[in-house]
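If you look up TrEMBL, you'll see Glu112, Glu343 marked as active site, proton donor. The active site annotation in TrEMBL covers Asp252, Glu364. What TrEMBL lists as Ca(2+) binding site is Thr447.
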Amino acid sequence: MSERDPHWAAKKRRMSDKVRKMFYHAYDNYMTYAFPHDELKPLTKTFTDSLSELGNLKLEHLPQKYNGSALTLVESLSSLVILGNNTEFDRAVVWLSENLTFDVDARINLFECNIRVLGGLVSAHLLATDSTNRLVQGTYKNELLVLAENLGRRFLPAFDTPTGLPYAWINLKYGVLENETTETSTSGCGSLILEMGALSRLTGDTRFESAALRALRKLWSMRSSLNLLGTTLDVTTGEWIEHSSGIGAGVDSFYEYLIKAHILFGRDEFWRMFQSAYVAVQKYFRHGPWYHEADMRTGKATYWQLTSLQAFWPGVLVGDIPAANSSHREFFHIWEKFGVLPERYLLDHLILHPTEKYYPLRPELAESTFYLYQATRDPWYIEVGASIVDSLNLYTKVEGGFASVRDVTTMQLEDHQHSFFLSETCKYLYLLFDDSFLVGRNYIFTTEGHPLPILSAWHERLPETYIPSNWTTVKRKTQGKRASAMSSRVCPATTLNSGHHIQQVESACHIPDVHEDYRCLTDEDCGVDSTTCRRRSCSIAGYCGLWLFV
């Protein structure tokens, strides 16, 4: 089926209209029954002030006088822009500018508040100041950025530790509380660089990016000799608490932010981290299409389980389409089996986890479906998206919004509509069927689905040898041409005589890979690297590279 087929185009329009209605059913009910509180309780048509509950499994130290921060509205800002509702976006910006304050006695999770609130404000500010969007009708005076900077400053005391690794919890009004827990997660330390880095670029205050970067570098220095990290650690001692790790809860967005930070800021350091971490994941976690957990010290498997948060991984794998498609199809098979994606599924027994049978409207499968469709334009992903939309409407839609599923075996519902349903689930599904917002634009999406534009002004100026490092310049009398050193099959400091023209090849060496796309089955398919003259080897993912030297 071709995208130009009128039936195909009609189906995408129908599905995008369905998703639009889903978003507004969730949003309108929130605005009617919950705003300005944090999140909607759709079954009882009431609200919950949940910012202090996010990541707080034991519901400890809950504030007594906290009345919400309009969390779902903040999370919905970029979705409103993508849906083309500039009028509602303008209204939301005005209300937040006049009413939102972070001077509240509330203990919040740094990671959750960063990706949801800070990320939502920074993204919305960038959208509001993008002249191509024609938003806020010339009346916007950077109010969202002022709020974001105020929130960012309240984050900074969390980083005042001997290691530079931030506390997981901080009180927005009073800072780090006495006897605060020193335990945090890998995601909590390693998934701050996009939002805080963007805040520094926008305000000129380098403290935000510096704090996040110091934490990320410290975390990376704690990796094992296998280039694996654990799940939880102590921010004062810098010691690991939980050595078992995977690509799911507590670690997932760490991997995601390495590659996205490289794209957003152009810093080669992030790419090197990601490349090393990615190879380790493929070597020690991957088992066919699945990814189990393993001990960071030995690489030995610990838990054979699927968690719903892992469903983001095929979106990271889009550079390796066969592997991404293989994993994505397995996740979708589980979705089809239960109607939605359960929180935890035991791969070694092929049964649900006895206590984690819930589905809280998570976006990860929709997210990876969107990325894979963008990468392949394979109509099958449209069918997957349609199935997800139909399931959400069938099982989770209620009169007062969309409710989480408490038990996927009975489809018993829970009275909670998470803010990420509007910032991520609906957004990725809508973009799957209608990506017109992205035409002529280039964004990365944060782990909470907030778009940040790729701006050349934010990119660090790299040495000439790194732009990009595996290509060299072939000079001609008539024109300059980019040419691969490997495809030239020459040694360094060699001159090529081609007919009437002499081509000087700079810093080139040796032998190309057998396949132009760098795919391989064995080491014999790999050549010699163009910049180091080292022999390349074949990774578990099936790509030639300097894996033995990472």
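Cβ atoms here come from the backbone N, Cα and C positions, even for glycine.
Cα to Cα, Glu112 (active site, proton donor) and the residue listed as 'Ca(2+) binding site' are separated by 10 Å. In the shown protein chains, 24 other C-beta atoms lie within 10 A of the C-beta of Asp252 (active site). Cβ neighbours within 10 Å of Glu364 (active site), excluding its own Cβ and spanning all shown chains: 24.
Packing around Glu343 (active site, proton donor) is summarised by its Cβ count: 22 other Cβ atoms lie within 10 angstroms of its Cβ, all protein chains included. Of the listed recorded positions, namely Glu112, Thr447, the sparsest Cβ surroundings within 10 Å are found at Glu112. For Glu343 (active site, proton donor), the nearest neighbour among the listed recorded positions (Asp252, Glu364, Thr447), judged by C-alpha distance, is Glu364.
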